[in-house]
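J.: Following this message is one structure expressed as structure tokens.
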Amino acid sequence: MERALILRGALAGAVGGLLAFVFARIFAEPQISAAINYESGRDAAQDALDKAAGQAVPAMGPDIFSRTVQANVGIGVGMVFFGVAMGLLFAVTYTICLGRVGGVRARTLALLVAGGGLLSMYVVPFLKYPANPPAIGHEDTIRSRSVLYLTMTLAAVLLLIGAVLLGRWLQARLGTWNAALAAGAAYVVAVGIVMALLPSFGELAANVHTFGRHATETPLPLKDAQGRIVYPGFPADTLATFRIYSLLAQVILWGAIGLVFAPMAERVLTPPSAPEPARRDTAPASLR
Amino acid sequence: MSTIPNTAPTARASATPVVTSEARAFAWIFGAAIVALALYYFIGVDQGAFSVFGSDTHIHEFVHDSRHFLGFPCH
Ligand SMILES: [Zn+2]
């Protein structure tokens, strides 16, 4: 049974990843192109400034994969495999939760676990360290940024597990509704504390040293020696649109995982010895 | 009321059965988690902050757009 559930989780994840890829190909790629165009223009302006100041201009290395490959096959492979990974984690969580979370239907549990995955694997980390298009971020802070992002994600996942356990424990004395509210509030507070403790990307020592104190690494306007702006800061609309699309892609991914997995799980978990022939006669399917 | 008996799936129609009590179930769950974390690592993290293949950047460059779009720090 666990084998059936996990293979179906991987399948649901692949479907979710495929849908998220289609969405990304249509909506994210134009924003990624805009960000890369910004970067090219900014680099050209920087080179002109450096040349005027008599500094050597660094030569760019050749691309390993063309933009066409990255924007079509590359993002497709990345999204689908990420979907499979999330589908597997989803199925693992679902299988462990089965029978341990009270009187929840197999189908409902699928949506609850998918919601928890969306929240802890993406939304909570996103609130602290939102997704950035290419052309944002400094090469020398990539390690710190990755460690911080993974720390935030791990904290979001572990705290959510803790909140679920807390809710289960409180249920006996507070009832399901109040226990869920209390556990949810505890999760918000705990996540808020972690967010307050972790630094923003702009506060990393390397960034403060080079650029001064800013909240993020989003490129500021480029100025010449006289302090005149010769190239604008990163376009705010490109950034905001990219982030909203990134969030929507995750909603599509996790929504698909939950909705594709739910009926499959119910079929797996319904024992063949006890079919439900009377279902249509006793109550409409929507009430079950 | 608060707990579900650890019995066969037929015990209660509305509740869900425990299926993780066997060693075989553990092997599947553990294996799936390892595969998932490996995929997560190679798509989101490898050849950025860390790299298991040294100075190579093929994976990073190939999944580059998805890495950004999935929310991982990249550049
Ligand atoms: Zn990048």
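One-based numbering along the chain as shown.
Cβ coordinates are placed from backbone N, Cα and C, and glycine is handled just like the others.
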J.: Kindly point out the range from A:52-74, A:75-97 that TrEMBL annotates with transmembrane segment.
T.: A:75-97
J.: Against which stretches of its own chain does the transmembrane segment (A:109-127) lie, if we need a Cβ under 8 Å and a gap of at least six residues from its ends?
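T.: Tertiary neighbours of the transmembrane segment (A:109-127) are 86, 89-90, 93-94, 97-98, 101, 149, 152-153, 156-157, 159-160, 164, 191, 195, 243, 246-247, 250-251, 253-255, 257-259, 261-262, 265.
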J.: Cβ pairs under 8 Å with the transmembrane segment (A:75-97): which stretch of A:147-167, A:179-198, A:242-262 has the most?
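T.: Counting Cβ pairs under 8 Å, the winner is A:242-262.
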J.: Restricting to the same chain and to residues at least six past its boundaries, which positions have a Cβ under 8 Å from a Cβ of the transmembrane segment (A:147-167)?
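T.: Result: 101, 116, 119-121, 124-125, 128-129, 179-180, 182-184, 186-187, 190-191, 194-195, 198-199, 201.
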J.: By a Cβ-Cβ criterion of under 8 Å, what residues six or more beyond either terminus of the transmembrane segment (A:179-198) are in contact with it?
T.: 124, 127-128, 148, 151-152, 155-156, 159-160, 162-164, 166-168, 170-171, 173
